[in-house]
Amino acid sequence: MIYILKNFIIILFFLLIILKRIESQSLPSLPSPTIYKSSQCRGDLVYRNVSNRMEDEKIGFTFVQYNGTYQSCVIPCPSPFFTLDEWNKFLYMSLVMGTISFLCGLFLLITYSPIVNKTHNRHTIGVMCMSFGVCLAMCSDMWNFGSNFTDQKSICPSPGQYLTTSNSRCLGSGIVLQFGGVFGFLNWTLLSFDLFMNIKGIITKNYDKYYFVATFIIAIIFTFVPIVNDQYSMSYIGLGCWLGSAVYQLIFFWILLSICLIVSSVFIILILKEIYIIIKQSKQKTSLKGNIRPLLCITVTSFAFFYMFFYYISIVIEGDYYERILNEYTDCLMDPTKDVSECKFPRMSVANEFVFLLCLRLLGIGAFIFYGINKEVKKIWLNSFWFNNSFVGKYIGSKRSMGNDITNSYASKAYSKNYNNNNSINSYNSGLELSIIDMSCNKDDNFKPIIIK
């Protein structure tokens with residue numbers, strides 16, 4: 001198992017190097033856009049000579065049509081669906097929540113890695129893979145640190161230009177977001193599946209290395225196939241680069257996400273049902289409290305990602321409507337007989353978009369609540385080198401000399417009480433002090449399954 005963990009870390013290390021090289025590779029430099037003020041492009045439209053339209057569209061410009069003819073004006077970046085102030089609020093929220101989610105994933109990754117964790121169980125690699133996926137996905141937000149939509153640090157390469165696959169930064173961040181999301185969701189689902197099968201005694205053999213290989217291959221396929229058709233780009237309602245086509249988004253992300261979410265939720269509810277049956281038979285109602293948190297976590301996470309899915313579906317269904325009002329807006333601006341003030345901005349719901357972008361960044365926080373706040377994590381850190389070295393020993397010794405012996409004694413007794421029977425089946429059938437979270441983190445790979453007759 002240690003050998004597998006070492007190979008896993010080596011693979012992750014080289015993957016990071018590859019992604020970094022993609023982000024920094026010297027792709028053909030984009031021609032410097034020529035942006036001029038022009039009375040022809042009124043309102044927030046941006047002037048761009050239409051003579052080289054085909055090449056300009058490849059690098060992110062969208063030219064306006066008027067009376068069936070392409071004009072030397074392009075759609076502004078960011079899009080007029082939201083005001084600049086609203087765009088900046090979206091960006092700042094994504095930076096804050098993305099950073100929090102990244103730190104949550106990083107904490108889990110470090111906690112369950114050999115850096116801290118001296119022991120391992122059948123779910124250690126799965127938690128590490130899920131945490132690594134979260135960290136990668138949230139890196140796409142952290143790449144936007146210091147950026148905004150109002151000055152030379154704008155995410156848009158130039159006024160009226162959207163990021164496309166031809167931009168190395170766009171390609172790198174899109175790959176990181178897609179791979180991290182798919183890899184994280186797959187491992188979250190397999191963790192719940194394996195835990196339920198193990199508890200029921202259907203699967204007792206450890207298949208973690210096969211799970212890792214399968215999820216890694218699927219994530220690679222779902223990430224790199226879209227590159228063939230240059231699918232990574234910045235949309236009218238996005239803060240960065242991701243799959244540009246609605247068809248690709250549906251096939252390579254949303255369908256998979258929905259399946260993972262439904263399957264994982266079903267398995268975790270079934271696990272909670274098994275625990276409830278055991279608790280009911282043993283007449284220990286107090287142990288139900290230990291499972292309120294995972295149930296709440298599942299409820300909130302399910303709401304978040306189902307909201308994302310249905311919001312996405314609504315955008316796809318209403319795509320023709322948004323395209324029509326955008327065309328009406330640009331036609332109004334191009335019509336010399338109309339005043340600019342008469343042109344109605346094509347607005348979308350700020351609240352719906354804000355919640356959508358927020359939900360995207362809840363995966364790391366949900367994983368932290370589920371796998372990062374439990375007795376086993378506390379035990380891992382207390383047994384690690386970081387709490388068992390000469391420096392910490394001297395610090396604890398000095399604290400004891402200041403009169404904290406009673407406190408330390410109490411903590412020691414509490415710690416002993418919690419973990420004396422950690423490897424015993426009685427901790428499940430009699431004490432029932434462990435919740436679903438602690439069961440998934442328990443280090444005994446060979447405990448007997450709980451079978452309700």
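Placement of Cβ uses the backbone N, Cα and C atoms for every residue, glycine included.
Annotated features in Swiss-Prot:
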SIGNAL    1-24  signal peptide
TOPO_DOM  25-89  topological domain 'Extracellular'
CARBOHYD  Asn49  N-linked glycosylation site
CARBOHYD  Asn67  N-linked glycosylation site
TRANSMEM  90-110  transmembrane segment
TOPO_DOM  111-124  topological domain 'Cytoplasmic'
TRANSMEM  125-145  transmembrane segment
TOPO_DOM  146-170  topological domain 'Extracellular'
CARBOHYD  Asn148  N-linked glycosylation site
TRANSMEM  171-191  transmembrane segment
TOPO_DOM  192-209  topological domain 'Cytoplasmic'
TRANSMEM  210-230  transmembrane segment
TOPO_DOM  231-250  topological domain 'Extracellular'
TRANSMEM  251-271  transmembrane segment
TOPO_DOM  272-296  topological domain 'Cytoplasmic'
TRANSMEM  297-317  transmembrane segment
TOPO_DOM  318-352  topological domain 'Extracellular'
TRANSMEM  353-373  transmembrane segment
TOPO_DOM  374-453  topological domain 'Cytoplasmic'
Rounded mean pLDDT for the residues that make up the topological domain 'Extracellular' (25-89): 81
Residue pair Asn148 (N-linked glycosylation site), Asn49 (N-linked glycosylation site) - Cα distance, angstrom, rounded: 26
Alpha-carbon distance [Asn67 (N-linked glycosylation site); Asn49 (N-linked glycosylation site)] in Å: 18
DSSP three-state assignment (helix, strand or coil) for Asn49 (N-linked glycosylation site): coil
Local Cβ density at Asn67 (N-linked glycosylation site) - other Cβ atoms counted within 10 Å: 8
Lowest local Cβ density (other Cβ within 10 Å) among glycosylation sites: Asn49, Asn148: Asn49
Helix, strand and coil residues within the topological domain 'Extracellular' (318-352) as assigned by DSSP: 22 helix, 0 strand, 13 coil
